[in-house]
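Straight from Swiss-Prot, the features:
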BINDING   HIS186, HIS190, HIS196  Zn(2+) binding site
DISULFID  CYS137-CYS285  disulfide bond
DISULFID  CYS158-CYS178  disulfide bond
DISULFID  CYS288-CYS314  disulfide bond
DISULFID  CYS340-CYS363  disulfide bond
DISULFID  CYS402-CYS428  disulfide bond
DISULFID  CYS455-CYS475  disulfide bond
DOMAIN    402-513  domain 'CUB 2'
CARBOHYD  ASN112  N-linked glycosylation site
CARBOHYD  ASN199  N-linked glycosylation site
CARBOHYD  ASN421  N-linked glycosylation site
CARBOHYD  ASN427  N-linked glycosylation site
CARBOHYD  ASN464  N-linked glycosylation site
SIGNAL    1-19  signal peptide
Amino acid sequence: MDVKISAILLACIIQYAVSSPIQVFYSGAKILAEEDAMAKEDILKAIEKADPGSVKTQDSMDILSQILEANKGIKLQTQEGDIIQKQGRSAINDARFLWPKSADGIVPVPYNLSYSYNADQLALFKKAIQEFEALTCVRFVPWTTEVNFLNIMSNGGCGSLIGKNGGAQRLELDANGCMNMGIIQHELNHALGFYHEQNRSDRDDYVIIHTENIIPDFLKMFEKYNTNNLGIEYDYASVMHYSRYHYSINGDITIEPKPDPNVPIGQRDGLSILDISKINKLYECNVCSNLLPYSNGMMISANYPSAYPNNANCVWLIRTPSGQVTLQFQAFDIQSSSGCVSDYIKIYDGPTKAFPVLVNRACGTGLIPLQIASTNQMLVEFVSDRAVTGTGFKATYGSIQCGGAFYSSPKTFTSPNYPGNYTTNTNCTWTITAPAGFKVSLRITDFELEIGASCRYDYLNIYNSTLGAVMGPYCGPIDFHSAIVSKSNSMMITMNSDFSKQYKGFSATYTFVR
């Protein structure tokens, strides 16, 4: 019941959005003219593929536990579990051990990857460094001829020196135990100059170290260092933080947050909000960036609902723990201009501007339709000039298990695993948006969902009017003899399944018609 009500409310929002005035210039700008071009310019493909970033080794462990497990029985000489020993350094307090900044404000960090990694691992490494690129002035770039670079190897274990040490600087990422999004970012953070969070000079104000529960040989791992804390608060959520049971001799906690002992520590998903802030502070990055790493939340422009500032150039990286990112605007007021050349929002299907564009430029006073990414990452860019401003925008983000957003025609899409059986507890959303003056013609060519009274188990709904009216729910084997045509230029399809029986699902094709 709750799912159905939520879907109806979402449909109402979407239908209101597409009926409001807005200038949106999608990457498929020729969509009105040529249907062949439309297919090539699809903004977002509804794909279901293995996302390298979502595959976690030893998933029940936090990052540091995985590192220690990977380092068992190897000859990598480390301190604190994964910091490769080199005498007499406190890099974060010494500018000599920071990577130099170029004239354009970028901090290039060359790296060389050994031949030990397979294609999936290389893709995962690239995904891990893309967050640094999106949110900081640090750029991990392939090594060419630079004297100082990171020499990344798979010789067993996970480990890094602190900061720039010169020459071919060793960084260990074992192919079998360390190729995890959070571990990669953790070791790269060491190479940028960061220690473990619980070794900060002010850590006693935030955690209690229970030395009585620590294996005696590992007490040194919990020493405090004379660190430069950059004026940034202690970060329990840091990718650099130990978990509460690290090096426990008796199964009792070794690190207890205070004053609230239940605060989560030792997360393994990746860089935290404050991790990003620390990098930008340490390297004096002149960037406007925001990380949104939660399952759901809100994204607003600066000063909203007051006018946003002139000469803004900001990005928001949405990184949900799983699924595909969804973004729904609730308010939108960006200075209007021909072609949205002055102030605009641009949305990318991935963590950097190198990824496919979902919305090329948007301005005006309407609402952008629901956006759905193909993975758990979406980048939003906002640019303003030095002249007129508006009140900005307000949007909510979340995630779905499957679905897509389509802007070109014709297109065929299916339920997950079709023609195989769909999975249990599926919750999918597809949105189709035609150009102004066009409608969506949907033809369901094959359909079989679990049958039940009032379709209460598995069902498909179609939302196709300006009032958000729903067609459905549909279930069982059905032969759809004719096409379903929307009453406006948009349509939304949702599919839900419960925990019991599964069937092959559906296949559907749509076109745009006048």
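Positions of Cβ are set from backbone N, Cα and C atoms, glycine also.
Annotated features, which come from Swiss-Prot, shown on the structure.
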residue : record                      : CB count, 10 Å
ASN112  : N-linked glycosylation site : 16
CYS137  : disulfide bond              : 21
CYS158  : disulfide bond              : 31
HIS186  : Zn(2+) binding site         : 29
CYS288  : disulfide bond              : 15
CYS314  : disulfide bond              : 17
CYS363  : disulfide bond              : 25
CYS428  : disulfide bond              : 24
CYS455  : disulfide bond              : 19
ASN464  : N-linked glycosylation site : 23
Minimum Cα separation from CYS137 (disulfide bond), reported as the residue among recorded positions HIS196, ASN199, CYS288, ASN427, ASN464 that achieves it: CYS288
Spatial neighbours, same chain, of ASN421 (N-linked glycosylation site) - Cβ under 8 Å, 6+ residues apart: GLN502, TYR503, LYS504, GLY505
Spatial separation of HIS186 (Zn(2+) binding site) from ASN464 (N-linked glycosylation site) - C-alpha basis, Å: 47
CYS340 (disulfide bond): tally of other CB atoms within 10 A of its CB: 23
Which of CYS178, CYS475, the listed disulfide-bonded residues, has fewest other Cβ atoms within 10 Å: CYS475
Rounded distance in angstrom between the Cα atoms of HIS186 (Zn(2+) binding site) and CYS158 (disulfide bond): 10
Counts of helix, strand and coil residues, the domain 'CUB 2' (402-513), according to DSSP: 3 helix, 57 strand, 52 coil
Top Cα neighbour of CYS178 (disulfide bond) in the set of recorded positions HIS190, HIS196, CYS314, CYS340, CYS402: HIS190
Among CYS158, CYS340, CYS363, CYS428, CYS455, which are recorded as disulfide-bonded residues, the nearest neighbour of ASN112 (N-linked glycosylation site) by Cα: CYS158
Cα-to-Cα gap, CYS363 (disulfide bond) vs ASN427 (N-linked glycosylation site), nearest whole Å: 31
Length of the line joining the Cα atoms of CYS288 (disulfide bond) and ASN427 (N-linked glycosylation site), in Å: 34
Between CYS475 (disulfide bond) and HIS196 (Zn(2+) binding site), the C-alpha gap once rounded to whole angstrom: 53
Cα-to-Cα gap, ASN199 (N-linked glycosylation site) vs ASN427 (N-linked glycosylation site), nearest whole Å: 43
Cα-to-Cα gap, CYS158 (disulfide bond) vs CYS314 (disulfide bond), nearest whole Å: 34
Cα-Cα distance linking ASN427 (N-linked glycosylation site) and CYS402 (disulfide bond), given in Å to the nearest integer: 7
